């Protein structure tokens, strides 16, 4: 199985914890799924911690340090602040898979908005009260399909 790694020269905007975490992940040969199971988080949420896009709880830090063999004090120091979200990807993205996700929003964003507004009214889907997961499906012909679920709390706009 191939594992996600990080070339820090290609990602200069990531926090120092990213390099620490990815180096230990590669050394231990763990997938995000394996790490997520150990720390009790979703694999996408776990990967988001590695990329500096999600806040690690004290328990996450303890469990990551133990699993990956990183001194806990180092991780506490590197993961102690609040994430500076949204800086890790240039816009529009150049990485092909990330660009396809961007392209989905470009092509279907207004369609999603229209359908969501019809179903829920005027508002937005939260990316804070939010969860996501990635699943793999194989059809009868043996083709693999990526299934990405986005689940966000509906937040109606306030009238004032």
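We count from 1, first residue shown onward.
Cβ atoms here come from the backbone N, Cα and C positions, even for glycine.
Owing to the predicted nature of the structure, the values given are computational and were not obtained by experimental measurement.
Look at Swiss-Prot and you will find 100, 103, 126 tagged as active site, backed by sequence analysis.
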Residue 100 (active site) -> DSSP, reduced to three states, gives helix
Residue 126 (active site) falls, by three-state DSSP, under strand
Integer Å value for the Cα distance linking residue 103 (active site) with residue 126 (active site) is 20
Same chain, |i - j| six or more, Cβ under 8 Å of residue 126 (active site); the result in sequence order is 152, 153, 154, 155
Here the 10 Å Cβ neighbour count for residue 103 (active site) comes out at 13
One finds that other Cβ atoms within 10 Å of the Cβ of residue 100 (active site) number exactly 11
